[in-house]
Amino acid sequence: MQSITIRRPDDWHLHLRDGAMLVGVIGDTSRNFARAIIMPNLVPPVVTTADAKAYRARIIEALPSGDRFEPLMTLYLTEHTSADDVEEGKKSGLITAVKLYPAGATTNSHSGVRDMEKAMPVLERMAKIGLPLCVHGEVTTPEVDIFDREAVFIETVLDPLRERLPELKVTMEHVTTADGIDYIKSSKANLAGSITTHHLIINRNAILVGGVRPHYYCLPVAKRETHRLALRVAAVSGDKRFFLGTDSAPHIDPLKECACGCAGIYSSINTMSCLAHVFEQEGALDKLEAFVSLNGPAWYGLSPNEERVTLVKRDVPVSYPTKIETGAGTVTVFDPMFPLHWDVERS
Ligand code: NCD
Ligand code: ZN
């Protein structure tokens with residue numbers, strides 16, 4: 001029997017939502033991950049340190065008893081965010097990063113930034129105090145094709161911002177293109193990228209071939225195969241600038257399976273099995289620990305987890321539910337379209 005023991009992983013980009021949905025999904029994360037960067041795109045968004053403190057308390061309250069899990073809180077950057085509040089949040093140890101959503105880029109992003117100039121005072125302060133900026137790297141200009149939005153964001157927003165504020169640490173979240181990978185690799189410092197599980201597994205055909213499949217629709221949308229292959233090369237390379245951010249983003253089925261379905265893929269429950277499969281396929285199981293447990297903490301200036309987990313390859317595929325029931329409704333689980341033989345051994 002094949003097995004691999006690694007430090008307990010972390011998830012550097014996660015949507016936990018709130019209320020009944022939070023209660024319904026948090027166990028899938030706390031079972032598998034020690035820490036996660038918690039996205040602030042609630043309705044209304046988490047914009048102040050006080051909002052983040054209250055949200056963190058709700059997350060802790062929702063944890064299954066006995067689970068040890070550290071939510072790493074983020075603030076949603078708006079054109080009105082106060083630099084002093086952000087600094088206070090970092091000083092108190094509560095805030096790990098600030099999140100930039102270009103207005104309208106994705107789910108619940110209408111309070112995002114329209115005019116980068118308005119966000120400059122906060123970004124300058126963040127550069128000064130060493131607080132990372134997490135970016136949803138897509139432009140929202142209607143003229144730009146949805147498949148080109150990441151590349152255009154790099155050229156027209158991200159690169160100019162980094163030229164202007166080279167000391168700002170930027171995490172390009174959920175990189176989906178070879179352009180994103182190349183841009184990160186070409187940078188000398190202060191730039192890293194997270195990669196989701198699903199973007200390592202699906203390309204855009206999954207959404208569109210043989211019928212519209214809403215459970216493979218997320219933002220940034222999956223791209224063509226060449227991009228998926230570039231993501232895989234980066235993820236398994238061991239390069240410290242790339243790490244896991246699942247972007248697991250639960251929506252109830254009626255909001256996905258309708259005329260204008262929400263973006264988001266729910267993968268917290270089977271992500272580790274999917275990743276072990278991908279890394280094995282790439283002949284790189286020895287690099288899995290770097291991707292899920294080492295590179296992320298190093299980038300965020302945290303220690304890797306001391307605890308270990310063992311992944312075991314079973315002869316009979318591991319069965320995961322195709323849907324989970326939450327108090328908010330039914331959520332469909334990411335289907336990688338291949339059997340999962342890698343199991344996370346429970347102690
Ligand atoms: C996320 C969500 O549902 O909150 N959706 C998604 O497709 N990833 C938002 C986001 O991270 O873009
Ligand atoms: Zn996300």
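Note that Cβ sites are derived from N, Cα and C of the backbone, with glycine treated the same way.
Among the candidates ASP182, ASP239, ASP247, the residue that TrEMBL annotates alongside HIS13, HIS15, LYS99 as binding Zn(2+) 1 is ASP247. Site annotation for Zn(2+) 2 in TrEMBL covers LYS99, HIS136, and the matching candidate from HIS80, HIS110, HIS174 is HIS174. According to TrEMBL, HIS15, LEU16, ARG17, ASN41, HIS136, LEU219, HIS251 bind substrate; the candidate from ALA54, ALA206, ALA263 that the record adds to this site is ALA263. ASN41 (substrate binding site) has a Cβ environment of 22 other Cβ atoms inside 10 Å. Of all Cβ atoms in the protein chains displayed, 23 besides its own lie within 10 Å of the Cβ of LEU16 (substrate binding site). Looking only at the binding-site residues HIS15, ARG17, LYS99, HIS136, HIS174, the densest Cβ neighbourhood within 10 Å occurs at HIS174. Under 8 Å, Cβ to Cβ, and six or more positions away along its own chain, LEU219 (substrate binding site) finds ALA105, THR106, THR107, HIS136, GLU138, ALA263, GLY264.
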